[in-house]
Amino acid sequence: MLKTYINTFLRKFRKEKLFSLLNLGGLTVGLTTVLLIGLYIQDELSFDKFHTRKDDIYLSYHLMGNNKVTSDRLAYGLAKQIAEEVPEVQKLASYQSRNRLITAGNKTFLDNEMAYVNNEFLTVFDFPLAFGVAEEDKGSLLISRSAAEKYFGEATLALGKKITVDEDDEYIISGVLEDVPANSTLQFDFLSVENELFEKRSQLMDNENGYFPAQNWFLMQRGFSKEAVQEKMQAIAMSMPYSHRYTNTQANQNIFLLPLTDYHLKAELDFTSSNTSDIRYIYLFGAIGFLVLFIAVINYTNLVTSQSIKRGKEVGLRKVVGASRFQVLSYYLLESFSLVFIGAILAFALTERLLPWVNDMLQKEIELNYFSTEFFVLVFGTAVLVGFLSGIYPALFLSKSKPLQALGQGKVGSKTRLRKGLTVVQFFIAQLLIIATVIIQQQLNFIQTKNLGYERELLLEIDLHDKIGDKAQVFKNELLSVSGVEKVSMANSSISYSSFGVLNKDELGVDEEKEVLTDFFSGDEDFIETLGIELVSGQTPSKELRGILVNESALPAFSWEAEGDHVLSLVNGDIPLVGVIKDFHNESLKSEIRPSVISFNPNASKFALVRLTGTEVKETLAQITEKWDAMATGRPMQYKFLDEAYNGQYIVEQRLGEMFLFFSGLAIFIAILGIVGLSTFTIEQRIKEISLRRVLGANYREIFQLFARSYVGMILLGFMVAAPVVYYFTSDWLSQFVYRIQPGIFSFSSAVMGTLIISLSVIVLQIARTKRINPAEILRNE
């Protein structure tokens, strides 16, 4: 019997190619979407899960300032004290990382992440050695396998070799680490176990004005009370010389613990040492995968039930020759599972082809592992579920008919109302994804076009690495001699690099209690002009005019008046306010603009900010590089364009936009397949009615209106349900941006108009096919 069922299925597939291909196409695209999204979600959820004690490792983070920003860089001295005094803490792993210039022999590379850790780090985290030893010696260094191969050709040749870090510090490689997994939050190429570094810098920097910060991880006892430990941590913080840092937030609790397994997706920290994502994207793409697959299931159900007229006689004949309802039900379920099985095979092939593109877009290393348990559960579970959902209703619907009724009328009940309901759901999903895609693209466009308060285009930042020193003015003049350079400023800060601190009422010269988190910038007299920041009032400080500038947000935060005489009292003396500048964004649009102080420093030599004219940028950059090489610093020029650095802050959102656009396109594609199939069958079913209307004088516009009316109603109904749903969820996504768009009429009307145009275009094309049909031929036997 199974052989008979399969032969019948194949015969039907060949006979009804259009509907079979439409069903197969929809199911294939739906399954491909689920596979790609499932692999992405699996990769995101796997972050940091490879550590043996992953469930017992916690990161310490804290609140800062009146504006209560969060940072994962806690004072090392405080973390050490907590590890010593809190019995629930078993070990402390401290971590700092920097991008370093590494030289080994005649090979020099800039793109190296070097981590500095204390002596317990490798006993808390699982970063296994391939060979060699991890020596707790300032002169020893561990190198990753890939970095060893990059510098020495073979990893085994790295042991005992000498490397130079930033041209000053020399290390001997004592061990080679296995490459850090791509799904690790902590990423590094070199690892230096230097407990002494943390101890000495903490002793040097820890005082009432500041501390030595690090990323501190605690290995906790199993089953400890997080709330109780956080209270103990808060109490210890109050005994430190910088305790006011933990009281200026006006919050009862300022020190917190975050599980390692939550760090990648649920941290939501304002300042973080590692690249993280957002759990909302997991929910978002999971929902997209479900919705796209659901559209494919709706397509299949709609198309199969709409063919009940054609299949009625087939069902009746099967029952007349003795088939039971169970056997009829089994056949139609087998038909559904067969189609899903073919679709799954095609989906594997599509996924293999699309995965490199997805990896390139997401900057990931996702692999399609056919032998993993997760992959088997995902594929087998999805295929069975889709096969059952797609086939169960049509099977029940067709198998319940009475034989004589089916043979006599050639059909079973049409169930038009159900079909229309499913079509409304299809339009609801399609419009929901369209609206969400439009809103995401609008926010991304807003990010690209937002006035940041400075001119980021054609602005070059050169990291001088303290190699210029007293030759800063010479280098500045050399840069100004390049024809493609418009302005140059030597600075100790940049838009992408500033220091921050907390200013109190004494430093601000006000009576009310203040603890204001403030960004500090310093540069020469051309700093503001080179960046393109507008001076609102006052003057720019210079050699002749000692003073500071503040941004507009600083005035209310400091309780200062724009026209008042104000002085900032710092360690190096009292500095008067001489001017106010426009607010500018030195961080992403997810962060509110903080108060900023800009001071004049004629000896600044950490960065060169270069404004280009925009003509022959490539040639200008080559000339600037020659000027740098002529300074004989001994290292290659390290630079970045600030517009690219700005865009880099939104790489996750840009990838989200691209992914959303891609999967929304797939959903629309499946919906179009459904409309094509349903409209084709509807017109075939009503071809006699169309022919009769044509004989009676109806034109094609009237026939079009006849069919279009019901589709317009279903589209509008789908929109009315989709609009509030998508508004709620996109508002949640937009809430992460302090500066964001407000979705308007276009955001929503574009979905209706797009769906109407696509749907009605399909109907027009289908009706146009009837022009070739002679009404007399259709009505001859009536």
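Easy rule for this one: first residue shown is 1, then count along the chain.
Here the Cβ of each residue, glycine as well, is placed from N, Cα and C on the backbone.
Sequence annotations record features per position, and here TrEMBL assigns domain 'MacB-like periplasmic core' to 20-192.
Remote same-chain partners of the transmembrane segment (21-41), defined as residues 6 or more beyond its termini with a Cβ less than 8 Å from a stretch Cβ, comprise 282, 285-286, 288-289, 292-293, 295-297, 299-300, 303-304, 339-340, 342-344, 346-348, 350-351, 354-355, 358, 362, 364, 366, 368, 378-379, 382-383, 386, 390, 663, 666, 669-670, 673-674, 676-677. Residues or ranges marked as transmembrane segment by TrEMBL: 21-41 (among others).
The feature transmembrane segment is assigned by TrEMBL to 281-303 (among others). Residues 19, 22-23, 26-27, 29-31, 33-34, 37-38, 40-41, 44-45, 265, 336, 339, 382, 386, 389-391, 393-394, 419, 422-423, 425-426, 429-430, 432-433, 652, 656, 659-660, 663-664, 666-667, 670-671, 673-674, 677-678, 681, 729, 733 of the same chain sit 6 or more residues outside the transmembrane segment (281-303) yet have a Cβ under 8 Å from a Cβ within it.
Look at TrEMBL and you will find 287-403 (among others) tagged as domain 'ABC3 transporter permease C-terminal'.
Per TrEMBL, transmembrane segment is recorded for 328-350 (among others).
Summarising the annotation, TrEMBL assigns transmembrane segment to 370-397 (among others).
What TrEMBL lists as transmembrane segment is 418-440 (among others).
TrEMBL lists 659-683 (among others) with the feature transmembrane segment.
Look at TrEMBL and you will find 662-775 (among others) tagged as domain 'ABC3 transporter permease C-terminal'.
According to TrEMBL, the feature transmembrane segment maps to 703-729 (among others). Within the chain carrying the transmembrane segment (703-729), a Cβ under 8 angstroms from the stretch's Cβ atoms is held by residues 284, 420, 423-432, 435-436, 439, 675, 679, 682-683, 690, 693-694, 743, 748, 751-752, 755-756, 759-760, 763-764, 767, 770, all 6 or more beyond its ends.
The feature transmembrane segment is assigned by TrEMBL to 741-765 (among others).
In the domain 'ABC3 transporter permease C-terminal' (662-775), helix, strand and coil residues by DSSP number 97 helix, 0 strand, 17 coil. Sequence-distant neighbours of the transmembrane segment (741-765) (same chain, 6+ residues past either end, Cβ-Cβ under 8 Å): 427, 430-432, 434-435, 438-439, 442-443, 446, 668, 671-672, 675-676, 679, 704, 707-708, 711-712, 715-716, 718-719, 722-723, 727, 730-731, 734.
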